[in-house]
Amino acid sequence: MALQSPESGEEKGPWEAEEKEPVSSPEPELTVSTRGPGSGPGPGFQPPEGGYGWLVVFAATWCNGSIFGIQNSFGIIYTLLLEEEKGEKSQQEFKAAWVGALAMGMIFLCSPIVSIFTDRMGCRIPATAGAAVAFIGLLTSSFTNSLEARFFTYGILFGCGSSFAFQPSLVILGHYFQRRLGLANGVVAAASSLFSMSFPFLMKMLGEKIKLAHTFQVLSIFMLILMFLSLTYRPLLPTTPNSRAKLGRSVWQQCVGHLSNYCNMRVFYYRTYRIWAFGIATAALGYFIPYVHLMKYVDKQFTGEKKIEDTWVLLVCIGATSGIGRLVSGRISDSIPGLKKIYLQVIAFMLLGLMCVMIPLCKGFGGLIVVCLFLGLCDGFFTTIMAPVAFELVGPMQASQAIGYLLGMMALPMTAGPPIAGLLHNCFENYHVAFYFAGVPPMIGGIILFFVPLFHRKMPNKQERDSSKDKMLASDTIMNGELLPGVPATEAHI
């Protein structure tokens, strides 16, 4: 469908071209072409589709598997923290929950900032620096027994470092794969899920053998290895010089110009995006509670003859079905046209809430295993559908920052959820109310998301989506003013 003329005065859809500001020289078009041997950097680029790129895939797999293997196994660290803490018992669950909640929340809170750094500096520098900060956070956590100190070392340092290390690992794959990008993403998703499944068993064994402090030291080795693997993130995409004239502009005008380039707030102009983001942020309030409190709940619920030794199996079940859910949901979403794929998120949230409510109702360990299998499946569907829905709501040119803002909005409720559940445990002296509470926000979020396609159909001047046209637009309409995210303007062509 033809793009509407800016002079028409009609509101443009999210997948339509923006009106360009006058520049001193014409902007080069983004095309895909293969450069001949020995030729200089041309206007187009053809990814190698393998070779050195598979080493980058391995680095991205190590990043995803190690970071979320540690984060999603925090329930084991939580029990070790409670065993080690000697303070007032009524405040232990509340304070210990903040350690893991801060770490997970910082991953999401830093996402918009990481997007800007990645677009400006490339993938390698933020990822390497982030892995170094995460390494320092885990290592320093081993030298203190204070929960307050671990709020900073584990919650802030490890959380922020993980965010800076994780996000570039998603961007860099597009530098090495185009035709086989789906395969590369599938390999990373499946392999990292298998990788992270080993962490509950590893952390449980380390906690019993060498206690919490040395466990942090062992886990820091994974971040040290990640720091060196992040050096493999060599950008291959050619950069496009910024043709906007800077001469005659004041420092303030240049700062405002840079801010508008890298902090694109236009995504919030779309009512459907605002509704979608609010629904997901609401659901995030209960999302992380099972990961933190499930292990301690099992220890308290099954005592005496019913005591369960291998509680880490529950986290393995969540990780296993999460990987399956990511692979299956990606293929299913490809077969669902338009914004109707958001109903997969609706089902995932409703089922996630129901499973959280079912946890206190399970009388046997087998029932908890079934619940955890469904929890992991819901997690896989929710995370995989996020990017396709963002593309449908705001278009490919603004999808990167739309996802970044969404993750940032999820940070506060995701951080607050586990401490609130710990506070409810202190008040009622059991976890039943805490898990009932965990199930309510995902259900509310699912209900909110159900109405997004209905509002989307009522939008005026709704245009037929055609991503192939967007990919051929002039380079100054590409997100954040760069050719593609992760291409540093100051780095030489490789």
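Numbering starts at 1 and runs along the chain as displayed.
Placed from the backbone N, Cα and C atoms, the Cβ positions cover glycine too.
Unlike curated entries, TrEMBL annotations are predicted automatically.
Per TrEMBL, the feature compositional bias 'Basic and acidic residues' maps to 9-22.
Marked as domain 'Major facilitator superfamily (MFS) profile' by TrEMBL: 272-494.
For 1-45, the entry in TrEMBL reads region 'Disordered'.
According to TrEMBL, the feature transmembrane segment maps to 96-118 (among others).
Taken from TrEMBL, the feature transmembrane segment covers 125-145 (among others).
Feature annotation from TrEMBL assigns transmembrane segment to 151-174 (among others).
If one looks beyond the transmembrane segment (181-203) by at least 6 residues along the same chain, the residues whose Cβ comes under 8 Å of a Cβ in the stretch are 53, 57, 60-66, 68-70, 72-73, 76-77, 169, 173-174, 215, 219, 312-316, 319-320, 322-324, 326-327, 330, 384. The transmembrane segment annotation in TrEMBL covers 181-203 (among others).
The feature transmembrane segment is assigned by TrEMBL to 215-236 (among others).
Panel annotation: around the transmembrane segment (275-292), residues 71-72, 74-75, 78, 97, 100-101, 104, 315, 318, 342, 345, 349, 352-353, 356, 359, 372, 375, 386, 389, 393, 405-406, 409-410, 412-414, 416-418, 420-421, 434-435, 437-442, 444-449, 451-452, 455 of the same chain, lying at least six beyond its termini, place a Cβ under 8 Å from a Cβ of the stretch. Sequence annotations record features per position, and here TrEMBL assigns transmembrane segment to 275-292 (among others).
According to TrEMBL, the transmembrane segment annotation covers 312-330 (among others).
Annotated transmembrane segment per TrEMBL: 342-361 (among others), in sequence order.
Here TrEMBL flags 367-391 (among others) as transmembrane segment. Only residues 6 or more beyond the boundaries of the transmembrane segment (367-391), in the same chain, are considered here, and those with a CB under 8 A from a CB of the stretch are 189, 273, 276, 280, 290, 294, 298, 313-315, 317-330, 333, 339, 341-342, 344-345, 347-349, 351-352, 355-356, 358-359, 361, 399, 402-403, 406, 467.
The feature transmembrane segment is assigned by TrEMBL to 403-421 (among others).
As annotated by TrEMBL, transmembrane segment applies to 433-455 (among others).
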Same chain, outside the transmembrane segment (433-455) by at least 6, Cβ under 8 Å from its Cβ: which residues?
271-272, 275-276, 278-287, 289-290, 293, 297, 339-340, 342-343, 345-350, 352-357, 359-360, 393, 413, 417, 420-422, 424-425, 427
Among 96-118, 125-145, 215-236, point out the range having the most Cβ pairs under 8 angstroms from the transmembrane segment (151-174).
125-145
Out of 96-118, 125-145, 215-236, which stretch touches the transmembrane segment (403-421) the most, going by CB pairs under 8 Å?
96-118
